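Taken straight from Swiss-Prot:
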{"type": "SITE", "residues": "11", "note": "site 'Important for substrate specificity'"}
{"type": "ACT_SITE", "residues": "67", "note": "active site, proton acceptor"}
{"type": "SITE", "residues": "68", "note": "site 'Important for substrate specificity'"}
{"type": "SITE", "residues": "153", "note": "site 'Important for substrate specificity'"}
């Protein structure tokens, strides 16, 4: 039984490899949606990605998909997806600095005619940034393509005061949840 990761995200690939899994990574091609609720958004996108890839596979493969969004409670349109460019990174950091936000991930596993979907949430507190820090970070390019416009495992680690919950969720794939789900589908590391 093979494992297929419905993502080409370097962070998800690295996390899953570190956990000891062998797999093939594939782009899902699923058009992501943004709903009113961050949990529903992450879960709907994870399910859509898993089902899109599973529908192209003929055999016994198990498909793993995930979606991560950053949510800023109390902010109109508080769901922050992936930063598109340096300007987007600066804008998102401006919203997040000095506040606590939530990182929501949906995880979906499909195989054998069934789909399981779960959700993880982690709280992150970002400190107030010094003048020029947002520009410095945006210029390095690391935040482009990242939910909320930052990468906790990279240079943005210096902006974070604390996290409450699963660190790997903030990186892009909540490993404890993912491993439990994969086990239920008969997939183990090694």
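Keep in mind that glycine also has a Cβ here, set from the backbone N, Cα and C atoms.
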| request: Only counting partners 6 or more residues apart, tell me which same-chain residues put their Cβ under 8 Å from the Cβ of residue 68 (site 'Important for substrate specificity'). | output: 42, 103, 104, 105, 147, 169, 172, 173
| request: Using Cβ-Cβ distances, find the residues under 8 Å from residue 153 (site 'Important for substrate specificity') that belong to the same chain and are at least 6 apart in sequence, listing them in sequence order. | output: 11, 171
| request: Only counting partners 6 or more residues apart, tell me which same-chain residues put their Cβ under 8 Å from the Cβ of residue 67 (active site, proton acceptor). | output: 32, 41, 42, 43, 44, 45, 46, 49, 105, 106
